[in-house]
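**Student:** For reference, the structure I am asking about is given below.
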Amino acid sequence: MERAEAYGFSGAMSGAFLLSCLLFAAVSRRQRGPYMDEVFHVPQAQAYCHGRFLQWDPMITTLPGLYLLSVGVVKPAAWLLGWTGSVVCSVGMLRFINLLFSAGNFYLLYLLLFKIHQKNKAVSGFQRILSALTLAVFPTLYFFTFLYYTDPGSVFFTLFSYLMCLYGNHKTSALLGFCGFMFRQTNIVWTVFCAGNVVAEKLNEAWKIELQKKKDEKISSRKGSFSDLTRILQFLVEYVLSPKNLVTLIALTWPYIVLVSLFFVFVFINGGIVVGDRSSHEACLHFPQLFYFLSFTVFFSFPHLLTPAKIRKFLLSLQKHPVQYSLVAVISLFLIWKFTYVHKYLLADNRHYTFYVWRKVFQRHELVKYLLVPFYIFAGWSFADTLKSKSIFWILMYFVCLLAVTVPQKLLEFRYFILPFLIYRLNIPFLSLYRQLLELAFYILVNAVTFYLFLNRTFQWENSDEVQRFMW
């Protein structure tokens, strides 16, 4: 990092943290007590603060990583600063943990952008800082910086694990992956993603050698026709079935294999991936979740995905391959018909934005969910098109992880899309400075509206005296 870039990054991070502190104070003044899921998280952390580590709220579905880390930070800080009484492990103090995670995420996002795009000399330091700032204030993640939720910590350890993987520190990466797993069990998918990065790199090297041997200029390791993809998949199977190659891959990825093995042991002993209340978190094959994620990504990455040039390119592709797109449309319609699930929380809780998205869009008419298929196809094509700079093996590995982390979820919940979105966004090429500024301005606008609604547009339910607030 050059000196000017270092100063610029320090200034951006310090400024963002200061503004976050001011916003944190505003949120804490307006909502002093636990809100939404905090009514479970805060008392559990406070029980740990008082040494009651065997106490557990059965309504909590995640492992105790957040509470253990909170005690490990708050208790020494209270001892050093001489805090006593109710201030120790208060709601505000616990929420502040996530403000620290938010600062850490900003730094990790910058380091990841630097590492992933280090070969692109056209990217300036200012663009890296601007992109890191944009992702640090990504609305769905940024909102939960100010509440005591697992999301900021979950993202922190997953991004840290990914960074260590890219630098080849796989044992450290697996250890950080375990920390991420302790925050949210589904983060095990991103441990597999880190292992997949290693495997994809080896496969890409071997594929290039294979092309040189055959001197076949028609096949690309980046993209190609259906026949090219078939040959690549055939190569993939042959490579993995080779004992020599398999031993090499195991030797490279054994820390991740150990962690995934421990995960399966946990699932066997626990009787499932969810701890606590399982009645509302049943796994199912909810394939339309992929379509919702693609729509979510187009909304938050419209400067990348929703451009006139991309639309023209998509229409040309549609004209060139009508049969393939027709087949994709038929499959999509079938998946929506047979595998659409509506969780009871989605219909009942009018505090979440998803409640209004579902009611205003999908519940307008039974046919709406089918009429959206052309948009889903464009979103999927545009999404894949922005990843064309990555190797085909990386793309296959990412899509497998994307399916694994979204499809089993019955509840439409935007928080579940945070990590797959960030991984995607980190790996696509940089835009022009104008489009980067547009993206940042859009995120700031969405955040401003979100916090205005949360702080000022309160309401009450008929059967409750508690103040209710809109949120992600």
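Glycine too: its Cβ is placed from the backbone N, Cα and C atoms.
So TrEMBL has the following annotated:
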type: TRANSMEM; residues: 6-27; note: transmembrane segment
type: TRANSMEM; residues: 60-81; note: transmembrane segment
type: TRANSMEM; residues: 93-114; note: transmembrane segment
type: TRANSMEM; residues: 126-149; note: transmembrane segment
type: TRANSMEM; residues: 155-183; note: transmembrane segment
type: TRANSMEM; residues: 246-269; note: transmembrane segment
type: TRANSMEM; residues: 289-306; note: transmembrane segment
type: TRANSMEM; residues: 327-347; note: transmembrane segment
type: TRANSMEM; residues: 367-384; note: transmembrane segment
type: TRANSMEM; residues: 391-408; note: transmembrane segment
type: TRANSMEM; residues: 440-459; note: transmembrane segment
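How about a rundown of where these features are and what they're close to?
**Tutor:** Beyond its flanks by at least six residues, the transmembrane segment (6-27) meets 95-96, 99, 102-103, 106-107, 110, 125-126, 129, 132-133, 136-137, 145-147, 451, 454-455 of its own chain at Cβ-Cβ distances under 8 Å.
Long-range Cβ contacts of the transmembrane segment (93-114) within its own chain (Cβ-Cβ under 8 Å, at least 6 residues beyond either end) map to 1, 9, 13, 16-17, 20-21, 24, 27-28, 41-42, 45-46, 66, 69-70, 73-74, 87, 128-129, 131-133, 135-136, 141-142, 144-149, 151-153, 155-156, 159-160, 162-163, 166, 422, 426.
For the transmembrane segment (155-183), the residues of the chain that approach it from at least six positions outside its boundaries are 62-66, 68, 101, 104-105, 108-109, 111-112, 115-116, 141, 190-191, 193-194, 197-198, 252-253, 255-256, 258-259, 262-263, 418-419, 422-423, judged by C-beta separation under 8 angstroms.
Panel annotation: around the transmembrane segment (246-269), residues 170-171, 173-175, 177-178, 181, 185, 188, 191-192, 194-195, 198-199, 202, 240 of the same chain, lying at least six beyond its termini, place a Cβ under 8 Å from a Cβ of the stretch.
Counting same-chain residues at least six beyond the ends of the transmembrane segment (289-306), those with a Cβ under 8 angstroms from any Cβ of the stretch are 138-140, 332, 336, 372, 375-376, 379-380, 382-383, 386, 402-403, 406-407, 409, 412, 414, 417, 420-421, 424-425, 428, 431, 435-436, 438-439, 442-443.
Beyond the transmembrane segment (391-408), the same-chain residues lying 6 or more positions past its ends with a Cβ under 8 Å from any Cβ of the stretch are 186, 189-190, 192-193, 196-197, 199-200, 203-204, 207, 221-224, 229, 232, 236, 283-287, 289-290, 292-293, 384, 416-417, 419-420, 423-424, 427.
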**Student:** Should anything in the same chain at least six residues away from the transmembrane segment (440-459) have a Cβ under 8 Å from its Cβ atoms, list it; otherwise answer none.
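**Tutor:** Residues packing against the transmembrane segment (440-459) from afar: 23, 26-27, 30, 130, 133-134, 137-139, 142-143, 300, 302-303, 467-472.
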**Student:** Six or more residues out from either end of the transmembrane segment (327-347), which same-chain residues have a Cβ under 8 Å from its Cβ atoms?
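**Tutor:** Result: 280, 284-288, 291, 354-355, 358, 369-370, 373-374, 376-377, 380, 410-412.
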**Student:** Counting only residues 6 or more past its boundaries, what in the same chain has a CB within less than 8 Å of a CB in the transmembrane segment (367-384)?
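**Tutor:** Non-local partners: 288, 291, 294-295, 297-298, 305-306, 310-311, 314, 317, 325, 328-329, 332-333, 336-337, 340, 361, 395, 424.
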